[in-house]
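Colleague: The feature Mg(2+) binding site is assigned by TrEMBL to T11. Look at TrEMBL and you will find G33, N89, K90, S91, D92 tagged as GTP binding site.
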Amino acid sequence: MQEDVNSVSPTLGFIIKTIDYDGYKLNIWDVGGQKTLRTYWKNYFEKTDTLIWVVDATDRERLDDCRHELKGLLVQERLMGASLLVFKNKSDVPGCLTEDEICEGLQLDTIQTHKWHVIPCSAITGENLQQGLEWVVKDAKDRLFLY
């Protein structure tokens with residue numbers, strides 16, 4: 001993603017990017033998670049192959065809200081068939097939620113309508129962000145007819 005990590009901050013509003021990765025063009029809609037922006041999320045569902053959900057692994061109090069919002073998205077008709085990648089952000093911070101706690105808190109084991117995967121990462125250091133893109137591309141290759 002080749003971005004200056006000193007400029008990493010939560011998305012306010014939305015950002016549209018195209019990333020060339022492994023010979024594929026990934027169109028990314030980075031949509032902020034603030035409550036005032038959530039009503040706009042539905043505008044970005046069309047032709048979504050993968051939903052990337054970023055969880056702040058240091059914020060235990062918001063995990064219930066995070067689960068509620070995610071469950072609401074996964075029942076949207078225009079997201080049917082989309083896979084789910086959960087980035088466990090701030091995984092480099094001591095005492096953060098474990099992967100098991102994230103899975104349990106989001107009730108990922110109950111999701112049967114979407115293929116899902118959790119990857120611990122750090123937006124600041126860039127740790128495992130590449131691994132996330134690799135998973136997205138491999139998943140698309142496995143599921144979708146790409147020509």
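Glycine is treated like the rest: Cβ placed from N, Cα and C.
A quick note: this is a predicted structure, and the numbers were derived from the prediction, not measured.
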Colleague: Same chain only, sequence gap of 6 or more: which residues have a CB within under 8 Å of the CB of S91 (GTP binding site)?
Modeller: A57, P120, C121, S122, E127, N128
Colleague: Give me the non-local Cβ neighbours of D92 (GTP binding site): same chain, 6+ apart in sequence, Cβ-Cβ under 8 Å, ordered along the sequence.
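Modeller: Spatial neighbours, sequence-distant, of D92 (GTP binding site): S122, I124, T125, E127.
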Colleague: Starting from the Cβ of N89 (GTP binding site), draw a 10 Å sphere and report how many other Cβ atoms land inside it.
Modeller: 23
